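Visitor: Annotations per TrEMBL:
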TRANSMEM  A:7-27  transmembrane segment
TRANSMEM  A:56-79  transmembrane segment
DOMAIN    A:56-248  domain 'ABC transmembrane type-1'
TRANSMEM  A:91-112  transmembrane segment
TRANSMEM  A:124-147  transmembrane segment
TRANSMEM  A:185-210  transmembrane segment
TRANSMEM  A:230-251  transmembrane segment
Amino acid sequence: MKSQKFWAWFVFALGAAYFIIPLAATFEFSLRMRRGEYSFDAYASVFSDPQFAASFTYSVLVGLFTIVVGILVVVPAVYFVRLRMPWLRPFMEFVTLLPLVIPALVLVYGYIRLYGSSSLIPFTGSVLGTDILLTCAYVTLAMPYMYRAVDNGMRTIDIGTLTEAAQIMGANQLQIIGKIILPNILVAILSGAFLTFAIVIGEFTIASLLNRPAFGPYLVGIGTNRAYEPAALAIISFIITWGAMGMINVLGRFAPRTSARTD
Amino acid sequence: MPAFLEVQNLVKSFGTNTVVKGVNFAFDKGEFISLLGPSGCGKTTILRMIAGFERPTSGAIRVDGEDITHLKPNQRKLGMVFQAYALFPNMTVGENIAFGLKIAGMPADQRRARVDEMLKLIGLPGFEKRYPYEMSGGQQQRVALARAIAPKPRLLLLDEPLSALDAKIRVSLREEIRAIQRDLGITTVFVTHDQEEAMSISDRIVVMNAGNIEQLGAAHDIYNRPETRFVATFVGQLNTLPTGVIPGISGERAIRPELISLAPRPETDLTLTGIIADLHFLGSVQRLRVDVGGTLINIDTFNNQTAPLHRGDTVTLHLAQKDLLILGA
């Protein structure tokens, strides 16, 4: 018994060290901007850079739009496939995996060819158009995660019977999705939204090639030009990520419980 | 008076498989109707066609004179209770019951009054703030019933609503459903595979087998005068007596276990002698299995306090010729 417990803790400590040591080292390094003593100078430098706030705000905005568009596309699609066209599911699984297989670089070159300023649909001809294109690209990149999160969420509720119960009481499709399906898969949607957000905040390739002032290109720019600030930025990103995760936990507590007693 | 619920030549095929083969019935307003049959007999498919979840291959469904065959489920103004409760997990009991009223655009104060009324009706006053997961199966199903009848539907459809519950709650809830149905006078179609449930609760029963109606009638008629072999054997217990068991009668006969007694009665005119092969004491009733010349006959007798029976006892069975059934096809 005792030795089993020891090994369990040992493996746990090993795993924890794997994550914590590099993080601690990065944090330690980020404090060494001032020679001979620890200080938060690197952080002050990051926060005082107007480009930091601008690019971060931009990426958060794009992230929020990406989440909204992603939900609007994925939730009805998963719902109708599960309800009416279950034979389409293997195909959906395959299609939603494509963004993981096709490199972002290929995707963005395809976009530039298709939607370039000299094409029929010149999205890249204007700033707003490019922002829309960027959002669409992010929806595609986040699709594998959003699809799986929503699909798992719908697996836990009996959408067929709930739909019928709502229908017979006079509800239409929009009311069913909005009032019954969405609220019951809220936690799943939130986890999909979080993953989407994490992808958008750090994404570099597409934002850079479409020449948008996003957080990813800013991070890379700082990383190549400065010494201590990138470490500070890494720690800041980490805290933001953890904050988002904590928010999901807090929000998840308010979400309805779906488990029904069967006795 | 024209029928309130009318089903005409209803057919449903899934590919080459025809599960409902031209069903006709007509019922009056306020009747409690059961669709009874083994699984796969088409009873659930008929209910789902009435609800609008399945499109009939051919035939018509009319409610109160209106042809609803091609209406969408949400245009039919019906109420339905499902086997799996199907309460909305994200809503409280009160919100669940108010759902149909809200969709129909009833003002909030009227909604609240109606929800209170419904909760009182199902015996769960003060439960409106609870969530479904906080309640037992029986309570959830009563809420589902309240949710279905709150908008005053034209028809109440019950799809095996008691099957997921345990035996005791099943009996009490079916009595409650029947009482509420009678109170409100709401025409109800109840689907079940449990013949005891159907007989105890219904005004009339539609016994179905393999997509066809075998017999349609009151429980008393179906039990005492089964028209087909299927009905006779599916509804209740039945002894089949091959030629030769009863002296002087050729051809197969059948008889219910409770119509055979161990003592003569005024109407009995036949006797058989046999040996008790098995004996089950069920409390008020004793179920005997008697070996009569190699044929086992089940007999239900009332509990006799003074003269207990034992395996191996020789007994004389008394029965009346008029109680013998000749089974058709």
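Including glycine, each Cβ sits where the backbone N, Cα and C put it.
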Visitor: What residues in the same chain, six or more past the boundaries of the transmembrane segment (A:124-147), come closer than 8 Å to it by Cβ-Cβ distance?
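Guide: For the transmembrane segment (A:124-147), the list is 62-63, 65-66, 69-71, 73-74, 78, 92, 96-97, 99-100, 104, 107-108, 111-112, 115-117, 192-193, 195-196, 199-200, 203, 206-207, 210-212, 214.
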Visitor: Grab the same-chain neighbours of the transmembrane segment (A:91-112) for me: Cβ-Cβ under 8 Å, and only residues 6 or more beyond its ends, written as numbers and ranges.
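Guide: That would be 77-78, 81, 123-124, 133, 137, 140-141, 143-144, 147-148, 203, 205-206, 209-210.
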Visitor: Test the contact criterion for the transmembrane segment (A:56-79) and the transmembrane segment (A:7-27): 3 or more CB pairs under 8 Å, pairs 6 or more apart in sequence, then answer yes or no.
Guide: no
Visitor: Same-chain Cβ contacts of the transmembrane segment (A:230-251) under 8 Å, 6 or more residues past its ends?
Guide: 23, 26-27, 29-30, 42-43, 45-46, 52, 186-187, 190-191, 194, 197-198, 201-202, 219, 222-223
